[in-house]
Amino acid sequence: MASSDALLPISAREEEPLCPYTRLPMADPNQETHGPRRRRPFKGLLAVSFGLLFIAFYVALIATHDGSRSNDEGIDETETITSRARLAGVSEKRNDGLWKLSGDRNTPAFEWNNSMLSWQRTAFHFQPEQNWMNDPNGPLFYKGWYHFFYQYNPNAAVWGDIVWGHAVSRDLIHWVHLPIAMVADQWYDSNGVWTGSATFLPDGSIVMLYTGSTDKAVQVQNLAYPEDPNDPLLLKWVKFPGNPVLVPPPGILPKDFRDPTTAWKTSEGKWRITIGSKLNKTGISLVYDTIDFKTYEKLDTLLHRVPNTGMWECVDFYPVSKTAGNGLDTSVNGPDVKHIVKASMDDTRFDHYAVGTYFDSNGTWIPDDPTIDVGMTASLRYDYGKFYASKSFYDQNKGRRVLWSWIGESDSEASDVQKGWSSLQGIPRTVVLDTKTGKNLVQWPVEEIKSLRLSSKQFDLEVGPGSVVPVDVGSAAQLDIEAEFEINKESLDKIIGNASVVAEAEEFSCEKSGGSTVRGALGPFGFSVLATESLSEQTPVYFYVAKGKDSELKTFFCTDTSRSSVANDVVKPIYGSVVPVLKGEKLTMRILVDHSIVEAFGQGGRTCITSRVYPTTAIYGAAKLFLFNNALDATVTASFTVWQMNSAFIHPYSDEAVRALSRT
């Protein structure tokens with residue numbers, strides 16, 4: 001069992017950076033990984049050569065660093081910011097080229113004015129005061145405060161110069177920005193202090209593992225800890241003198257080894273972590289055991305692998321209860337527990353997950369349903385919209401698992417530079433296994449978001465086929481909508497029993513079937529948010545119910561951003577997927593609207609969609625809300641409540657701001 005005395009405090013003497021404990025070749029990605037774990041001896045010249053190559057690589061890594069950023073041997077500073085990110089081996093903003101490939105490619109970019117750009121800044125979503133942010137890092141609850149760290153560029157509204165931003169909150173809604181937690185000041189992270197995770201030791205102290213990009217652009221894992229464990233704000237962090245604690249193992253490229261997870265306890269009392277990587281086109285998750293977080297033993301087996309999924313970033317691994325609606329600490333295991341493996345796919349920029357079984361004895365995991373394994377085309381996703389690099393943590397304060405995610409922009413980089421900021425975080429979500437289906441997760445905004453609700457209006461409306469109804473709620477830029485829909489039973493029975501109604505469930509797709517304007521027998525129907533009076537700009541969030549070949553109904557939950565803005569330098573996809581609807585359930589949705597972000601939750605959070613939208617005229621008081629039913633044959637009854645939402649308290653760092661937040 002790890003003892004905090006072995007780690008905290010670390011003596012002031014300079015320790016040599018540590019090599020990984022295991023120097024075995026990488027496991028064959030085609031090898032069966034669910035048998036007993038066996039230590040294989042090195043055999044023959046191949047193994048000796050592999051070991052020597054690894055030692056040479058490691059010696060070169062340590063010996064050649066000069067302790068500072070290298071412009072001539074590291075990243076080419078003459079490259080654009082975008083290519084800097086790709087050269088470094090991480091994802092960056094990819095929208096600039098996309099709109100130019102659309103029908104607007106021959107048209108000059110839209111001319112945004114300051115009023116439009118100012119409106120895009122959110123009121124109750126977390127984002128830095130200015131400049132660029134991306135991945136959530138090391139979220140935790142400590143001494144009465146929620147801590148949120150994040151990838152941050154303090155110098156510009158584009159990716160680069162990454163450090164760890166830091167903010168604290170009492171309730172996950174109201175925040176105070178704190179000074180930067182960790183900067184790129186060592187050779188092993190001089191090209192960026194990248195994504196990492198926090199682990200609580202048995203005595204309540206904290207260790208933080210994070211990826212550093214070295215002065216030679218090699219991805220290594222590093223250890224840090226609070227300078228003063230008695231400081232509830234955790235203002236200062238100390239990097240372990242022996243960093244890096246892990247370097248890329250044999251067979252792994254220098255830029256394919258990043259984003260360590262929160263550690264969990266094994267049955268032997270060791271700590272275990274997993275780190276994302278790839279072998280050729282196969283996405284993999286490496287596994288390491290440690291006792292003191294300084295030295296590590298690499299397991300011969302992989303936690304999991306899926307061919308043709310590419311690089312796995314920001315891997316997350318955690319238990320969920322099969323029977324209860326509460327969250328579980330990361331180390332919990334047992335017969336009533338399933339485990340989630342989630343990976344952020346560098347190739348597609350989607351966060352995929354699967355439900356499965358974890359084997360503590362050899363550190364492997366298998367999915368319950370191999371046909372929807374992590375990263376496969378048909379696999380499950382946390383969110384079917386703009387949602388990436390997510391990170392969960394166990395909130396011991398309320399016994400729940402909370403999920404954060406980076407919500408990037410869908411506009412051009414030039415617009416980001418003009419407005420002076422880029423990206424934000426989604427509203428934190430609770431995440432549990434859907435105990436009704438046992439096959440998927442359910443996500444829901446944390447309960448604290450309700451504290452921002454102001455005035456509300458309730459509606460019960462019957463909406464006939466082809467109808468659009470204005471919903472009188474005043475300005476619709478900051479809303480929380482909870483709605484329940486029911487298709488008229490007579491219409492439903494008539495369509496199900498009518499052989500002439502085309503079975504379309506197998507062919508329908510939110511993304512490819514034309515959006516909310518394409519009419520079917522039973523849909524689409526829902527809300528148009530951030531709409532102008534004339535509907536020239538609108539973002540529909542809707543259900544589409546399709547009849548299958550067996551006359552069974554299949555329900556889809558979609559968001560159509562194709563008409564969200566008349567601007568031509570914006571990517572405007574149609575998002576969505578099928579949503580499970582059980583017998584006897586009505587169709588339900590919740591929508592959070594906060595200026596340029598729309599978060600939608602179908603059927604209690606079984607299917608979620610986050611969108612970034614940039615209207616040019618549906619802003620300020622001109623932003624409206626509409627209810628619509630574009631079905632051909634069905635009447636729909638909608639019962640819903642709309643709340644106006646207050647702004648969150650998100651302030652710069654000062655003693656007074658911290659005191660004010662302490663009083664909430």
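Including glycine, each Cβ sits where the backbone N, Cα and C put it.
Listed by Swiss-Prot as binding substrate are TRP132, MET133, ASN134, ASP135, TRP159, TRP194, THR195, ARG258, ASP259, GLU313, ASP346; the candidate from GLN120, GLN151 that the record includes in that site is GLN151. Between CYS558 and the candidates CYS510, CYS608, Swiss-Prot records the disulphide pairing with CYS510. In the predicted model, the topological domain 'Cytoplasmic' (1-43) has a mean pLDDT of 36.
Across TRP132, MET133, ASN134, ASP135, GLN151, TRP159, TRP194, THR195, ARG258, ASP259, GLU313, ASP346, which the record gives as binding substrate, the greatest C-alpha separation is 20 Å. All protein chains included, ASP135 (active site) registers 27 other Cβ atoms within 10 Å of its own Cβ. Cα to Cα, ASN362 (N-linked glycosylation site) and ARG258 (substrate binding site) are separated by 22 Å.
Secondary structure at TRP194 (substrate binding site), as computed by DSSP, is strand. All protein chains included, CYS510 (disulfide bond) registers 25 other Cβ atoms within 10 Å of its own Cβ. The two recorded residues, ASN498 (N-linked glycosylation site) and CYS558 (disulfide bond), have Cα atoms 26 Å apart.
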